[in-house]
Every structure is written in C-alpha cells, then in structure tokens.
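Student: Relevant sequence annotations retrieved from Swiss-Prot are reproduced here:
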SITE      Asn13  site 'Discriminates between blocked and unblocked aminoacyl-tRNA'
BINDING   Tyr18, Tyr69, Asn71, Asn117  tRNA binding site
ACT_SITE  His23  active site, proton acceptor
SITE      Asp96  site 'Stabilizes the basic form of H active site to accept a proton'
Amino acid sequence: MADVLRLVVGLGNPGTKYEGTRHNIGFMALEQMASREGFSFRQQSKLHGLVAEHGIGESRLRLLMPQTYMNDSGRSIRAALDWFGFTPEQLLVLVDDMDIPLGRLRLRGQGSAGGHNGLRSTIQHLGTQAFPRLRIGIGAPADNPAERRARTVSHVLGSFSRAEQPEVDVVLDGVLEAIQRIQRQGLDRAGNWINGFCPASVE
C-alpha cells in the first residue's frame, strides 16, 4: 500500500542545551521508544540526522531525529525520504503544539504549519502540506494573547516542571500507542482513538 507508514520523524533541537524542553517532545517520544524496544540511533551524515530502524517486514519503521535545528528540519526529512524512496504520505512527523493542552494528541493527514517553524521548513522542502503529523500538546504559557506572545520562546525552550512530568510520561506512552495504531489500522481509524486521547488529569 502506498500510504503505509514507513518513516517517523521526531522534531526537536540537537544538543544537551535543549534536552527535555517542550520543543523537543518529538525527540523525547522516539528516545523513549528506543529505550523500551531496545534499539539505538546512529548518526547518518547524509541524512543530517540520527537514524534507527525498528521492526521487520511490513511493520518495519525508519525513525529520524533531524540534527539541523528545528528551523531547518525539512532538509533532513527531504533527504531521508529521497534516500529510502518513501513518499510524504508514508511519513509521520511528531511535533509539539502550544495550542493543545498538555496530555492531548491531535492527528492530521495534512495541513498548514500553524506557526511551527519545524513544520514550515518541512512543507518548504517537501513542496507539499500533504503529509501526516501528530501534534503533541505542550500547553500554552498564558491565556492572554499579549502575554502568550511575550512568553512563547521561553515556554517552548523551557523544560517541563516536576508537576507536569506525570502527564508528560502518560502522553509519551500515548504517542507510542498512536504509532502502533497507525501501523495496524491506518490514519483514519487510528485517528479516532488518537484525537480522543485524554488522560484523566486533563479531562
């Protein structure tokens, strides 16, 4: 099937300075997957990122963490699609979203960047908005629009608080389940579960 999931990309910024920040929750999801499933990432310079493989046969996935910094993520994703011979429809991008409460997920088969520089770069390099993305809620820094704008950078580049960590753990588990469901069921059926995902703490 042409639209079978083949490549999962977690967006984030490389380096210890950004480890554990809200903007890096895409990286965090793939790192947790690697830890649980017992595989590791390796540097692949031609793809400008860290790459891993998981599964066999029809369930085999390539996983990518671009090392280009968020604003140039699309360069790494374009290189990976070309190298492996995949189409944008066979891609899933894991991306943080400030417009979604922490603990919630939103799956979309296509769409605009929504103000996210990593998605903007991906759209530019792929030449299309038609690729699946899993938006992972990180919550907003404030309800007031002016205060929210003023605190956006410090919020996304800040770390999750100790109080938020239990919800982070739950949503990362949800991301891994979401990937498995997309593999088994496809985007539409999996989306029903993913878009309804809501830990009790955020209901």
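Placed from the backbone N, Cα and C atoms, the Cβ positions cover glycine too.
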Student: Just jot down the residues in the same chain as Asp96 (site 'Stabilizes the basic form of H active site to accept a proton'), at least 6 apart in sequence, with C-beta under 8 A of its C-beta; none if empty.
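Tutor: Result: Leu11, Arg22, His23, Asn24, Ile25, Gly26, His116, Arg135, Ile136, Ile138, Val156.
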Student: Under DSSP, is Asp96 (site 'Stabilizes the basic form of H active site to accept a proton') helix, strand or coil?
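Tutor: Once the DSSP labels are grouped into three classes, Asp96 (site 'Stabilizes the basic form of H active site to accept a proton') ends up as strand.
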Student: Taking the Cα of Asn13 (site 'Discriminates between blocked and unblocked aminoacyl-tRNA') as the centre, which of the binding-site residues listed as Tyr69, Asn71, Asn117 lie within 10 Å of it?
Tutor: Tyr69, Asn71
Student: Just checking a number: largest C-alpha distance across Tyr18, Tyr69, Asn71, Asn117 for the tRNA site, rounded to a whole Å.
Tutor: 16
Student: Which is it, of Asn13, Asn71, Asn117: the one of these recorded positions whose Cβ has the most other Cβ atoms within 10 Å?
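Tutor: Buried the deepest by this measure is Asn13.
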